[in-house]
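Working notes, beginning with the structure itself.
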Amino acid sequence: MSSSDKIPSLFGDDDALAPVPAAPFKASVEPRVEPTPRPIPPPPPSKTASAPGEYSAADIEVLEGLEPVRKRPGMYIGGTDERALHHLFAEVLDNSMDEAVAGFAKTIEVKLDADGFLSVKDDGRGMPVDPHPKYPGKSALEVIMTVLHAGGKFTGKAYETSGGLHGVGASVVNALSERVEVTVWRDGFEHLQVFSRGKPLGPIQQVAPSKKKGTMVRFKPDDEIFGEGTNFKPARLYRMARSKAYLFRGVQIKWSCDPSRIHDQTPPEATFHFPNGLADFLAERTKGLTTITPESFAGRIERQGEAGAVEWAVTWTPQGFGEHDGFMQSYCNTVPTPEGGTHESGFRAALTRGLKAYAELKGEKRGTIITADDVVAQAGALISVFIKNPEFQGQTKEKLSTSEAQRFVEASLRDPFDLWLSSSPKNAQALLEFVIERAEERLKRRKDKEVSRASATRKLRLPGKLADCAGSAVDGAELFIVEGDSAGGSAKQARDRKYQAILPLRGKILNVASASGEKFTANKELSDLMLALGAQAGAKYREEDLRYERIIIMTDADVDGAHIASLLITFFYRTMPELIRGGHLFLALPPLYRLAHGGKSEYARDDAHKEELLATVFKGKKPEIGRFKGLGEMMASQLKETTMDPKKRTLARVTLPRHEESVEDLVETLMGRKPELRFRFIQENAEFASADLDL
């Protein structure tokens, strides 16, 4: 499994801590100064919205301040559902955690009141309240709470390690809250400022003298954004607070909740403090389970200077962890990285090399067959790194891409793991035998699948347009579903013939959500797809019949391509939901643009990515920009480099949420037989849609 195909967090609802930008303590925002252009007489301004079909200045909407956040909350917190709601808490909590990690706070208090207000209080330095030099008449606190990208985490002077650029998070929480009350104890006084829906209700006030230090943010999410009756879940808040305490052993987090808000077994009061950090976390997670070694491999290394710190805990169990054989939960600067990244790669490499070296030392020749997947297959692992200036892949910050993190983690764990193995030969031998057994089982499964796949291929009447892969193993085999012969031709040239098969589909894909059973049965394209997969639909689906490990939908990076992908996902959801639950369905992410200047070229997946490249990689330059009209336009080498090469591509795994009823409702609304449901959905969700829509 490639790093880009990683399964999301397996730690239950604790993955609600998934990161989005977070909140500051020193504002440093440089207003952009544009050069003064030569005056050009403007045309008469439009005073009213233009007529249908026309496009004028009246159609241009300028969103100022925090209005973009309220208009498009999904861009900042990933939606407006329960998970997104709890992101607000994660943002505020991350700010206080950064104060603790920096050594300025020891205690954090989390409180959910009867009126639905949630407060997070710390005993850190307190947000700065002095006037901001770049914003006359505004305090630094007001800038922090009302200006996107204002924060004290850019220069590294206020924080060496932080969970993100928290000026984004504080202002986003403010924008999406009905009311926010920020109390700061600093400079000998208690200060208070109140906000509503992103706007201050008045200037900052000096309430009373006080010797205390710290910050308290008390807020209530806005029903206009999240819907009536959407409230914080005490159980989820409790788990999130407890997880943060595990991640930094130097902090104490106090939890309290009004009893009227609790409808389960969540304690109304609790104090979280874990002196052993992740080792305590793992002990709680593995309570009652039989482990291969009596003690887990756990530790913490701090490196002076630029490197940072790493903490880890790992154990192995023969029975697995509930629905999963194993899990790996990772964090960077206390923020979850559910998609993994370089710190996980270093962790896996250190364990694998250490165990193989131990096998060689003991003369165990079977140790050569061990892979990293064998080592972590039935392991419960936790890893947390603290590094300066972390780099993440994508805007969601769920995958760490800092290359130094891999080297740092691997180097830090190498000697401690060797020492742990050598200090208890009996336990080390038990672990080695256990991992070798996993490796031998893996090789046996591969051999059985090769025989099974070869036998199934001989029995099946595969569609003639399928360009099948040459290999007989199911593991690693991939089926790319592409649109039309043109794209299919490019894909066939770009593929790895041993592992990658290509199935071009012609014509419009049938919408199975609105089609009758007879139409579905008679549809040749979908029949060919079923034949290629080898598995049957509905209750007759058997995963062992599936001829490929990954089914990858590869369509053009435009609206038409997205429509075809939606139809195919609907097909799999309605006819083979177990294929999705098994983690076999993926979306390829081909680029939409190619930017080139001199000898350098970059690919952009969408307009936002293109603008980002223009502002960074090609800043001050005028690159040649080409737009791909379709996959068939791309050279085979380009398609391979950007979309099909497992070492370079990015895949999006299609998953189903825990509560699948919402998915069924959405599929029926958008893809079903009732156009009035689609029309109502568009009316409620497409705020800027003013043009005629083809329903």
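Here, residue 1 is simply the first one shown, and the rest follow in order.
Cβ atoms here come from the backbone N, Cα and C positions, even for glycine.
Per Swiss-Prot, ATP binding site is recorded for TYR55, ASN95, ASP122, GLY164, LEU165, HIS166, GLY167, VAL168, GLY169, ALA170, LYS397, and the stated evidence type is sequence analysis. What Swiss-Prot records for GLU483, ASP556 is Mg(2+) 1 binding site, and it gives sequence analysis as the kind of evidence. Annotation comment: Swiss-Prot describes ASP556, ASP558 as Mg(2+) 2 binding site. Marked as compositional bias 'Pro residues' by Swiss-Prot: 36-46. Annotation source Swiss-Prot lists domain 'Toprim' at 477-591, citing sequence analysis. Here Swiss-Prot flags 1-53 as region 'Disordered'. What Swiss-Prot records for LYS508, ASN511, HIS563, ARG678 is site 'Interaction with DNA', and it gives sequence analysis as the kind of evidence.
In the three-state DSSP assignment, the secondary structure recorded for ASP558 (Mg(2+) 2 binding site) is coil.
Classification of ASN511 (site 'Interaction with DNA') by DSSP places it in coil, neither helical nor stranded. Here the candidates are the recorded positions GLU483, ASP556, ASP558, HIS563. The one whose C-alpha lies nearest to that of GLY169 (ATP binding site) is ASP558. Cα-Cα distance from ASN511 (site 'Interaction with DNA') to ASP122 (ATP binding site): 54 Å (rounded to the nearest whole number).
It is 55 Å from the Cα atom of ASP122 (ATP binding site) to that of GLU483 (Mg(2+) 1 binding site).
LYS508 (site 'Interaction with DNA') sits 9 Å from GLU483 (Mg(2+) 1 binding site), taking the Cα positions as reference. If you measure from the Cα atom of HIS563 (site 'Interaction with DNA') to that of ASP556 (Mg(2+) 1 binding site), you get 10 Å.
Packing around ASP556 (Mg(2+) 1 binding site) is summarised by its Cβ count: 24 other Cβ atoms lie within 10 angstroms of its Cβ, all protein chains included. When secondary structure is read from DSSP and collapsed to three states, GLU483 (Mg(2+) 1 binding site) falls in the strand class. Sequence-distant contacts (6 or more apart, same chain, Cβ under 8 Å) of ASP558 (Mg(2+) 2 binding site) comprise LEU592, LYS629, GLY630. The Cβ of GLU483 (Mg(2+) 1 binding site) lies under 8 Å from the Cβ of PRO504, LEU505, THR555, ASP556, GLY561, ILE564, LEU631, each on the same chain and at least six residues away in sequence. Residues belonging to the domain 'Toprim' (477-591) score a mean pLDDT of 85 in the model. Around the Cβ of ASN511 (site 'Interaction with DNA'), 18 further Cβ atoms fall within 10 Å across all displayed protein chains. Burial estimate for the recorded sites (LYS508, HIS563): highest at HIS563, by number of other CB atoms within 10 Å. Summarising the environment of GLY169 (ATP binding site), the number of other Cβ atoms within 10 Å of its Cβ, over all protein chains shown, is 28.
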